[in-house]
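According to TrEMBL, the features are:
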TRANSMEM  12-34  transmembrane segment
TRANSMEM  40-60  transmembrane segment
TRANSMEM  125-144  transmembrane segment
TRANSMEM  150-170  transmembrane segment
TRANSMEM  265-287  transmembrane segment
TRANSMEM  307-327  transmembrane segment
TRANSMEM  347-368  transmembrane segment
TRANSMEM  388-415  transmembrane segment
TRANSMEM  427-452  transmembrane segment
TRANSMEM  472-491  transmembrane segment
Amino acid sequence: MLQDLETATKNVNYWFGVTTLMPLLGGFIADAYLGRFSTALVSSIIYLMGLILLTLSWFIPGLKACETDMCIEPRKVHEGVFFLAIYMISVGTGGHKPSLESFGADQFDDDHTEERRQKTTYFNWWNFGHCAGLLLSVTVIVYVQDHVNWGASYIIFTAVMAVSLVIFITGRPFYRYRHSTGSPLTPLLQVLVAAIRKRNLPYPSSVAQLFEILKAEKTKGRFLCHTNKLKFLDKAAVIEDKDNPAEKQSPWKLATVTKVEELKLVLNMIPIWLATLPFGICMAQRTTFFIKQGVMLNRKIGNGFELPPASIFAVAAIGMIIAVTIYEKILVPTLRKATGNERGITILQRIGIGMLFSILVMVVAALVEKKRLGVVENDPRKSSLSMSVFWLAPQFLILGIGDGFALVGLQEYFYEQVPDSMRSLGIAFYLSVTGAANFVSSWLITIVGCLTKKDGHGWFGKDLNTSRLDKFYWLLAGISAVNMLFFVFLARRYSDKTVQRVAVADCNIEGVDDAMV
């Protein structure tokens, strides 16, 4: 389907925006109403229907863009079916991504030491499988699209999705299920309202005076112990009406310590979320400028075979597979003995290491782009075609290694640190980092382009040869380096989620299970 550049760009932005926001809605539905299994199942069916419709739009004559191979303007019926298909895929993705990954993690019991360790392994191997699929996509599928047609690739996608859906349904009798308990946002709002209503009350002399229900009366969820941060929220757990039984008072007037701590968890995550955006901005360049650089380089291999530009991304997938494998099989056992942490290192330390790699990616990318521009300047006729595309391999490899630390760490962090009733939303929060970073990257490019434009020329010209991407990469490296200091500041002061096995408010007692962030 041929469209002018402006229209095509708008359509891509609209679709990407919907795809980015849908996991937040899908995660909320999974946690509040349908449950994670049902949401994953329904969204997978919608996803499959979208793929089937997309395949039909290629092969059925009445739904094709044009009757001839040369298509100047697509038929309206094709446009309608095509957009319906990709938005069905977008909706399916919104439910599938947050609910399926969190449902897989739900199969491990947090109260069982060995299973809790296995859950940290689960996130590593989840991403190993994800990268293996990505590796096939940017090699085999891209080859089929270039040398056969897009319709053949649609058939492959549809068949793979159908098989995976059958396998998922087959395991239904063996899964562990965590049923939804209503909107996870309502208890958070109740805590906030109760704290505001009782803002003028004095703090109790002892944490033990804050309200918490007895363990025998608590049928769902786990107890969280009290922390000293955001203490103004503690007033929600102050018993104001001592004449009435606390258990019978309205949750809009009196909250438990656990509910107060759950709101603190969500609020404490906001600065961490913001601090990971520069990392996401760096990673966003891999699907835009990095690929455009690949188009400008010599992609011929062997006897005339030309590597598709997107296939260079296979190096990043290989880097992530290597990083996850080494981390899981070598680093974790070694560091576990040295630190006593069942994860080897804390989740925030893992994320921080990945963020350091993102800085290195931008430095290497800047140096390679400077080299490419030098080649263009020395021989404008050949441009940079005398330079192999594998000059980009180091930055993609480092990028993949960084993903093996930061992206996996972010998934685990947002799943573990949200309240137990919000774990699908937790995965959606992780996905929103990537989505928001792409939007911020676009805004940053626009701002930098305007500020650097002189006599009609700036860092972003009409093509890469008239642009100065190397300077933009240095800018991103600088922003990431400064942000790294901010992230370390936050991480050192972060209060992690701490679960207690008995119904008391004081953290300084025995019977406490630290989530070990």
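Glycine residues also receive a Cβ, built from the backbone N, Cα and C atoms like all the rest.
Residues of the same chain lying 6 or more positions beyond the ends of the transmembrane segment (347-368) and with a Cβ under 8 Å from any Cβ of it are 272, 276, 278-279, 282-283, 285, 290, 293, 391-392, 394-395, 398-399, 401-410, 412-413, 416, 469-471, 473-474, 476-477, 480-481, 483-484, 487-488, 491, 494, 517. Residues of the same chain lying 6 or more positions beyond the ends of the transmembrane segment (150-170) and with a Cβ under 8 Å from any Cβ of it are 40-41, 44-45, 47-48, 51-52, 54-55, 58-59, 141, 144. Most Cβ pairs under 8 Å to the transmembrane segment (265-287), among the stretches 40-60, 125-144, 307-327, 388-415, 427-452, belong to 427-452. Simply put, out of 12-34, 40-60, 307-327, 472-491, 12-34 has the most Cβ pairs sitting under 8 Å from the transmembrane segment (427-452). Sequence-distant contacts of the transmembrane segment (388-415) (same chain, at least 6 residues past either end, Cβ-Cβ under 8 Å): 101-102, 105, 120, 123-124, 126-127, 131, 269, 272, 276, 279, 283, 286, 290, 293-294, 297-299, 307, 312-313, 315-324, 327, 347-348, 350-351, 353-358, 360-361, 364-365, 368, 371-372, 423, 426-427, 429-430, 433, 517. For the transmembrane segment (125-144), the residues of the chain that approach it from at least six positions outside its boundaries are 101, 104, 152-153, 156-157, 308, 310-311, 313-314, 317-318, 320-321, 324-325, 328, 400, 403-404, 407-408, 411, judged by C-beta separation under 8 angstroms. Only residues 6 or more beyond the boundaries of the transmembrane segment (40-60), in the same chain, are considered here, and those with a CB under 8 A from a CB of the stretch are 26, 30, 34, 78, 81-82, 84-96, 99-100, 103, 149-151, 154-155, 157-158, 161-162, 164-165, 168-169.
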